[in-house]
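Visitor: Okay, here's the structure, questions in a sec.
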Amino acid sequence: MAYSTYGRHITMDLREVAFEKLNDVRFLKEVMYEAAAQCGATVVGESFVQFSPQGVTGVLVLSESHLSIHTYPEEGFAAIDCYTCGYTVDPAVACDYLKAALGGRVVGYRALRRGSGAIEDLTTLHLAAANN
C-alpha cells in the first residue's frame, strides 16, 4: 500500500487567555483530547507536564502526527501546533475547537501544506474561508 506524505500544519498563538485555564493541566488535557476527536484524529500517545510555578506543556501523539500546546499563564499566552498527515483529518478543526475552548484572541496564525514539495503557505486561503 502506498502512503502519501501530504500534510497540513497549523500554528496558532493566543493571547488574553485566562490564567486558570492555561495553568490547569487536567482541563488542557481534556480540551486537547476533544480537539483531536473533533477533527477525527486518532490519539496513540500523550505527554503532559505541569511546570512550577506555572505553565503546562502538552503533546498528543496522533496516528496522523501531533497536537501540542505550550502555555504561559502569567502572560495569558498559549502556543498551539497541529500537524496532520493525509487528507482526512483537518488540523484547522482542532485549532478552531481549542480557540473556542480557551477563549482569548488569536495573535498569530499560520497554515502550511507540507510533504508534497516546497512548503506552501495556505494562511490566506484558510482565513478567507473562515471569514465566510
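Each residue, glycine too, has its Cβ placed from N, Cα and C.
In case it helps, Swiss-Prot gives these features for our protein:
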type     : residues : note
MOD_RES  : SER65    : pyruvic acid (Ser)
ACT_SITE : SER65    : active site, schiff-base intermediate with substrate
ACT_SITE : HIS70    : active site, proton acceptor
ACT_SITE : CYS85    : active site, proton donor
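Help me picture where these features are in the structure shown.
Guide: For SER65 (pyruvic acid (Ser)), the same-chain residues 6+ apart in sequence whose C-beta sits under 8 angstroms from its C-beta are GLY7, CYS82, TYR83, THR84, CYS85.
Less than 8 angstroms from the CB of HIS70 (active site, proton acceptor) sit GLY55, VAL56, THR57, ALA78, ALA79, each of them six or more residues away in the same chain.
Within 10 Å of the C-beta of CYS85 (active site, proton donor) we count 19 further C-beta atoms, all protein chains included.
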